[in-house]
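> The structure's right below; bear with me while I get my questions together.
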């Protein structure tokens, strides 16, 4: 069953009519964890605001559980949970006060839906009398998630919940989302971190207001058209420069401790090795690489 | 290549009874790309502020580009560049106006400003954008421009505070090309990031936990030391032990 | 309703936990009253005055000796004519002149009453009042002394004349002015900032996405400031009665009702500003420049409106604080009842309705 349906949404800003969202369509199934993956300025926040009834699109339509985002905005506001990108809670209220406030706002109580937030809330409960402003980034995030969940929404919108958060907290956050999914809540999450894409059921890769590809992370990786190699050498910068000069090169770029590389035609490891050696590169190691979402994204952008 | 451009010994900063930076000791060599990692609230920003001469340490000593961190902060400021994700360029000025302004505050002559900005725009392939407002540029271009502007006065060291946050993967790599090139020209790079693959690009990486430098080595050695295969795991291993928040 | 109460409670927590704002909120009225009260009505010492004695008889001499003995005055004797006197007033050389007419003592003894003319420079109204009060009391003392020995009551009447500002604008009138100023500041600026802050931190997005009516967000923001402003009105009135000895002549309930009306006017203004701005700084700047300045300039509290060019006089009519100032002055100082201030009240009411309509019209249920 489709929970969120987006059809040909376009949104422009300013006098120059710069398109932040350009003819975007996708749908999300009930209980699915759907990721909007793309850099800042790709249009993720605009899409979120249109779906959460905060912004009117110039063109196109969207619905949530059959409710139109323009006409039925009041009903939608009852059934969704939203965590905006820069959401910072009320810094001067305590953890408990924040949660209580949002519960009352959505006409419910902490007790009523405690089951839903229990796993997350338990982690911040020891600090419940602490002001939100004094919490660490990771804890703030957990509290924000609790606040967005407190009224048991059907659809949860999380706009860049992990931006600026250190890798440990990011990992914990995604573990929480996996648990929530089991509660049959549809979750739409956006992130600029490509490595988080694998944790979604399906993802949309988005850049400059356009969707580049929509599929499960597994399929996107499988559909990578080229054979990808990982090359390692003593000096990365020298290696990258040398790879760029190789005649039979399709793409080459740094990827962690390796450089990822693909051939224009007929992959030939031996020839590449020889070429690099003549360029004076030392300690060369070439092996086939496992494709990641980031590789797919780079490929789609080129 | 073992001239030390940053050397600090037991550098400490306390706010009341809270020790934000707890006796950190390390050295950075000329031209090195030094990754400065840590969880949120580990004390990275405070440490970086001290190294830039923006805040006085409570105790310990440090020399930046040969200058004393207590007495010669003005000289330090002249020999470093700084760029952060949050603030880098003036949105309401044009590309050229930004370059001229930042080159100007570092005391470059009019002639040098002109020559350097022509070279800079050419290197970035932005000759056509010189008269555009910075606000109209995509984020990735802004960040690349900000970096080039931060090193326009050819500083000894450039401090980069999460320079690539939210930037797309292709532009992120172009950004790192700029970093490699600057490092090749002898500029020392001191960089913080939340992208663990970027930690791999650094010559050496330090990881701060609760105000202390808990690990410092090349990415390869760090992975060996903790018997893991990625920097992500190294970081996770260390930061998980953190006791304090922001 | 429960939602509304929770919201109001949260607003109170915001205010109570922000020590700096709290200090401004409750410290400001006190400081302003004290500054205006004491800086302006401070005791006057060693003021230059002139005594013009046309009488030169025993009574005039005795009074002059008494005035001389007072530490408040430095006396210059002179027989100068009215022209010289006026010139001395204009250059500010002297602040007051006491003039004894010819045959002062004679009049006093034969007609049982006599007059002394007292002229004061009222361009500094507080100073002028103080000086004339001192002189009058000295003359009164003398009169009492005389009457002790005399079976027939003698009357010396000081005929006081204020020069330049005969109505003594601004004298104890700063209390209504401070009330207008403080309410303006608290209601307009604080409300605007409180709402815009939610926009800045992103919490407004959540509030809009919740089932809570957007209009209620605004209303529940206004309630705490309404109550806090009432507290301020009370504290200003207490200060003026007990510290400045300025009694409230009129009906205190009427005064509160009118103040509530003005507070609502200010709150709608604050809401209007918050709807139109996105950052706390802008909200603050607009409140300060757009609201406080007109209150200072055009309410008649610091500068007499009658002396302004006509266009500015017209403009002063749209400044709500002008009407509030007139109302409070009427009730507090002159002891007038509602029948005397109903016109001003109606105008203030009209302005409020107008502001309410435009701020409701411009309120958005979505982000821009």
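Numbering starts at 1 and runs along the chain as displayed.
Just so you know, glycine gets a Cβ as well, placed from its N, Cα and C.
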> In TrEMBL, one of C:133-151, C:152-170, C:285-303 is tagged transmembrane segment. Which stretch would that be?
C:285-303
> Examine the ranges C:199-221, C:222-244 and name the one recorded by TrEMBL as transmembrane segment.
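It is C:222-244 that TrEMBL describes as transmembrane segment.
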> Transmembrane segment per TrEMBL: which of the ranges C:250-273, C:322-345 is that?
C:250-273
> Between the transmembrane segment (C:285-303) and the stretches C:21-40, C:174-196, C:222-244, C:250-273, C:346-363, work out which stretch tops the count of Cβ pairs under 8 Å.
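Per the Cβ under 8 Å count, C:174-196.
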> For the transmembrane segment (C:21-40), give me same-chain residues lying six or more residues beyond its boundaries with a C-beta closer than 8 angstroms to one of its C-beta atoms, as numbers and ranges.
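Counting only partners 6 or more residues beyond its ends, the transmembrane segment (C:21-40) has Cβ contacts under 8 Å with 15, 126, 170, 174-175, 177-178, 181-182, 185-186, 190, 228, 231-232, 235-236, 239-240, 243-244.
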